[in-house]
Structures are given as structure tokens and as C-alpha cells.
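Chemist: So that we are looking at the same thing, I have put the structure below in C-alpha cells.
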Amino acid sequence: MSLFRSKMFKTKMTIFCFFLTALILMVPTSSTATDNPTYSASTDTFIYANCSQARFSPGSAYETNLKFLLSSLVNSTVLNRYNNLTVPFGSGVKPEPDVTVYGLFQCSVDLDPISCSSCVSRAIALVGNTCPNSYSVFLQMQNCLVRYDKSSFFGVQDKTVMLKTCGQPMGFYDQDALTRVNDVIGSLGSGSEPDRTRVNGDVRGMAQCTEDLSPAQCQDCLTDAIGRLRSDCLMAQGGYVYLSKCYARFSFGGSHARQTPNSNFGGEKYDKDDDDNNIGKTLVIIIGIITLVILLVVLLAFLGKKLRKLQDDKCCR
Ligand SMILES: *[C@@H]1O[C@H](CO)[C@@H](O)[C@H](O)[C@H]1NC(C)=O
Ligand SMILES: *[C@@H]1O[C@H](CO)[C@@H](O)[C@H](O)[C@H]1NC(C)=O
Ligand SMILES: *[C@@H]1O[C@H](CO)[C@@H](O)[C@H](O)[C@H]1NC(C)=O
């Protein structure tokens, strides 16, 4: 009877120990998960800004409206990846020169609302230093765009080249790599979405229009940007073409970048690989700990049984 009870007790203890260790092990797992979002937030690097020479005077109605507009844009990142606003706005409100402000923001398609909000906030924080009191500002980050002006630019096609950069030339002639780049650039051109991501092996391409353009205007803009990317950056290890209303870019990750360090463009893929690596390492450590704990529990149970058997032998022989 007492033997049976002690066995029950031990089984219960073993189960309890197991759940306790499982609980302890949950803690590092969940902290790894909350660390992850910093990956996307950390890649919202500044690309370029264009500020008008014309400036409004501090304390003007334009400044008041601009502040309200920027605050509203940041607040609306929880709802959407894109928004255009006019301030003041409403039925019966007539646009007034040098008073009415038009603005928009847009985030990359793969950005979650929190990262989008942080990207747009960073962009707006940069505006203050980069373009103090400018009537018109165009600020492009890696993952988002903020733009405002005193006249409306919504729905207006504009293929002005804002920025074009090609990465280092390929270190050697590599037909395979060239084929992959060609394929990615080509496939960016087809599709109906205003937001495109294409991957072939280690080559990753992205293209995006601001969403105030109609689908036809967007395709027209992208065709231009992609054509320039192909003609100017095909033999490079990456490149981007930013037009006023759309952009196209591509980059290498993996083997090519390893052969020629520091020449990788954008570095998006690298950050992600590092993260994956970290998750992998954490997993290996967790599995190691679990295995150790299980071994320990089994060993203790075994020792306990041995001890009790010894005691039983002593008492009852
Ligand atoms: C930069 O902004 C100014 C004023 O808004 C504009 O005239 C100019 O064309 C812009 N530059 C480019 C490259 O679009
Ligand atoms: C945006 O949100 C903040 C914080 O909730 C609030 O204080 C601010 O008034 C909002 N801005 C606008 C324009 O609604
Ligand atoms: C947003 O842009 C569209 C054109 O793309 C325009 O018709 C609409 O009035 C704009 N909304 C605001 C609030 O300015």
C-alpha cells in the first residue's frame, strides 16, 4: 500500500517537474519572438529627400495645417499602408493658396502596422532637420515615403527621375546571375498590383507605385522605372530607380554578396538571414536544455527506484 502511494507520488512529482521545466523554457522562447519586430523597424533607412526652396513663415496657417496633417498621417498608419489627406478638408472648405496642405504616406507591402508607423514617424522626424519650413517635401525611406505640397499632386502622373543608383559591377561574367537578374526585372513589369516583389534564387526585386495613381498610370510609371533599371543596372550587383510616383529596385543576397563583400545593395536579405540564424541558435539551445532535463528526470527516477528497492530489501527481507 505504502509502496503504491509512493509510486503515485513519484509519478506526480515527475509530471510536475516536467511542466515546471517546460514553463521555464517558455520564457526564452517568447522573448525571442518579441525581439523579432525590430528587424523590419531597423531597416527603414533614409534614401533621399527633395525639399522646395520656397518656405513658409513660422507660425503661419500653413504650418498649423501641416502639423495637423503629419499627425493625422502617422495616426492613420494603424488603418492602412497608404493614405492621402487634405487639410483643411470637408464639404464647403475651399482650397486656399499657401494655406491648404496636401500630403500622403505609403509603406512597403511587407511592413506590419507597427513598423509602418515607426517608419513614417522617423521620416517625419527627419523632415524637420532636412527640410525646415519647406512648402513641398518628398522624403523616401527604404520602407516608406512621406510627401506633402501646397498644391495637389494626387492622381497626377509624374515620371521625373528622383534618384538612380547602380551597385558595384559584377566582379566577373556570370551568365546564371545575369539570367536571374534579367528574369526578376522582367517579371516586375508584369502584374496588376501597385506593389510587387519578385524573387529568383538570390536575386530579389521590388517595385511600387504610390496608390493615388490609377492602375494604368501605375503600369506606365513602372514600365519607365523598370526600363531604366534594366538599361543602366543590369550588369550591377543591385540598383534602384526612384521616379516621382514609383520605383523599381533589385538586390543580391547569398552567394554573390559573399564573394564580393560590402557590395550588396539594401542588405534586406542579410538582416533576415541573421534573424533566421538567431532563431536557429535559440532552438538548438532550447532542444539541448529539454534533452538534458529529460535525461536528468529519468536518471532521478531510476535512482529513486534503486534506493527504494534497497530500502524495501532491508526492511522486508
Ligand atoms: C525637387 O523639388 C523641387 C521643388 O518642389 C522641384 O522643382 C524639383 O523638380 C524636384 N526635384 C526633382 C528631382 O524632382
Ligand atoms: C494622433 O494621435 C495622438 C495620440 O493618440 C493624438 O494626441 C493626436 O491628437 C492625434 N492627431 C490627430 C490629428 O488626430
Ligand atoms: C485622395 O486622392 C484622391 C485621388 O487619388 C482624391 O480624389 C481624394 O480627394 C484625396 N483625398 C483627400 C482626403 O484629399
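Yeah, the Cβs are placed from backbone N, Cα and C, and that goes for glycine too.
Per TrEMBL, the features are:
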SIGNAL    1-32  signal peptide
DOMAIN    44-153  domain 'Gnk2-homologous'
DOMAIN    155-255  domain 'Gnk2-homologous'
TRANSMEM  283-304  transmembrane segment
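Could you tell me the structural context for the features on the list?
Modeler: Under DSSP, residues within the domain 'Gnk2-homologous' (44-153) fall into helix, strand and coil as 36 helix, 32 strand, 42 coil.
Sorting each residue of the domain 'Gnk2-homologous' (155-255) by its DSSP state yields 34 helix, 34 strand, 33 coil.
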